[in-house]
Amino acid sequence: MSPAPPPVDQWFRPFGVLRLSLTARCNLACPYCCPDSEELPGLMRLDQQVRLVRVACGLGVHTLRLTGGEPLLSDRLLPLLEALAAGRSNAADPLARLQEVALTTNGVLLTPEKALALRAAGLDRITVSLDALEGGVVATMAGLRGGQRAGERLVEQVLGGLSAARRAGFEPASGGLKLNAVMRRGLNDSQLLPLATLARERGVELRLIEYMDVGNRNGWAPDQVISAAEMVQRIDARWPLRPLPRESGATSRRWSYADGRGRIGTIASITEPFCGDCNRLRVTADGQAFTCLFASEGTDLRPFLHSEETLEAVVRGLWQQRRDRYSEERQGFTASAPHAEMAYLGG
């Protein structure tokens with residue numbers, strides 16, 4: 001029997017991507033994310049996480065993104081990957097429909113041993129976040145004490161993590177290793193070309209993210225946003241770019257360098273919203289499901305995690321009722337509208 005078609009929401013968007021946060025804790029304190037220092041109570045157990053992913057795959061999910069906080073802080077990461085790999089190898093298991101399991105990390109804990117373990121456990125892709133290369137700017141963007149020296153140490157760790165991931169088999173050429181950077185005017189906009197230079201030298205796709213109004217702690221203001229168009233224009237003036245087709249459901253628009261030295265992408269939730277084909281559901285480490293990054297509250301899945309049948313009915317119904325289009329409707333919301341925090345949602 002063929003699987004039932006994926007549910008569609010009120011705007012006819014299918015369910016395709018599950019973003020699962022493993023922890024809200026982080027070893028950095030980036031001001032745009034504002035992570036918590038203590039673990040959430042009531043975290044999902046490993047068996048519940050696997051059950052959730054299996055149900056999501058039965059509803060059409062083809063991509064799983066593991067997030068945080070900092071997911072490498074979670075002692076459940078490797079056991080989860082191993083359990084998912086076992087399911088993916090069984091054609092009769094809905095987990096076999098997973099085409100990609102990806103991880104987003106700040107790279108600080110991405111040692112050679114950890115990178116090899118992640119690859120062996122079945123992880124397909126790693127995205128490393130790095131917002132600057134100059135020590136003082138890095139310290140500001142990562143919320144570090146110790147100024148320039150602390151920032152320089154962090155850059156060394158993250159670049160070491162990138163190298164470790166590549167040696168472990170996460171290949172940039174096939175999309176297995178990418179670099180993320182959140183750009184904020186007046187803080188790290190001077191780092192745009194240095195980051196692009198680094199990515200070109202290492203053959204890694206650089207994804208440039210507009211500073212977003214997620215959460216209530218980061219003091220977001222529109223004049224702090226560097227638009228994707230401006231970022232592309234500045235890079236194109238240095239190294240000519242060629243636009244690439246946008247894939248359905250993708251968060252990013254992409255360009256290739258005319259000289260063949262790699263690609264960049266932009267995630268422009270502020271200036272070029274992509275709500276129209278958004279196919280993502282976010283579930284926090286404590287089992288709250290959010291149908292939009294900018295939502296103020298979620299749906300508690302924990303009462304339903306004991307049964308795949310019950311959980312499937314709840315998640316299907318949640319998706320079918322979904323109407324979120326916050327980024328497209330942003331101007332109609334008041335400045336005081338509450339949002340869940342980025343570190344809690346997992347980006």
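Keep in mind that glycine also has a Cβ here, set from the backbone N, Cα and C atoms.
Pulled from Swiss-Prot, these are the features on record:
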- Arg19, Arg65, Thr104, Lys178, Arg280, Leu281, Arg282: GTP binding site (BINDING)
- Cys26, Cys30, Cys33: [4Fe-4S] cluster 1 binding site (BINDING)
- Tyr32, Gly69, Ser129, Met212: S-adenosyl-L-methionine binding site (BINDING)
- Cys275, Cys278, Cys292: [4Fe-4S] cluster 2 binding site (BINDING)
- 12-242: domain 'Radical SAM core' (DOMAIN)
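The binding-site residues Cys30, Leu281 differ in how many other CB atoms lie within 10 Å of their CB, and the one with the most is Leu281.
Taking Arg19, Cys33, Arg65, Lys178 as the binding-site residues under consideration, the smallest Cα distance to Cys275 ([4Fe-4S] cluster 2 binding site) is found for Arg19. Here the CA atom of Arg19 (GTP binding site) lies 20 Å from the CA atom of Cys30 ([4Fe-4S] cluster 1 binding site).
Ser129 (S-adenosyl-L-methionine binding site) and Lys178 (GTP binding site) are 9 Å apart (CA-CA, integer value). Counting only same-chain residues six or more apart in sequence, the Cβ atoms lying under 8 angstroms from the Cβ of Cys278 ([4Fe-4S] cluster 2 binding site) belong to Arg13, Gly249, Cys292, Asp324. Ranking the binding-site residues Tyr32, Gly69, Ser129, Met212 by the distance of their Cα atoms from the Cα of Arg282 (GTP binding site) places Gly69 first.
In this structure, the C-alpha atom of Tyr32 (S-adenosyl-L-methionine binding site) lies 16 angstrom from that of Thr104 (GTP binding site). With respect to Cys33 ([4Fe-4S] cluster 1 binding site), the closest of these binding-site residues in Cα terms is Met212, chosen from Arg65, Met212, Arg280. Secondary structure from DSSP puts Cys275 ([4Fe-4S] cluster 2 binding site) in a helix. Here the Cα atom of Arg19 (GTP binding site) is found 16 Å from that of Ser129 (S-adenosyl-L-methionine binding site). Put plainly, the binding-site residues Lys178, Arg280 were compared by Cβ crowding within 10 Å, and the winner is Lys178. On the backbone, the CA of Met212 (S-adenosyl-L-methionine binding site) and the CA of Cys26 ([4Fe-4S] cluster 1 binding site) stand 19 Å apart. In sequence order, Val17, Leu18, Arg19, Leu20, Ala102, Leu103, Thr104 are the residues near Arg65 (GTP binding site), counting only same-chain partners six or more apart with C-beta under 8 A. In space, Gly69 is the closest of the binding-site residues Cys26, Gly69, Ser129 to Leu281 (GTP binding site), judged by Cα positions.
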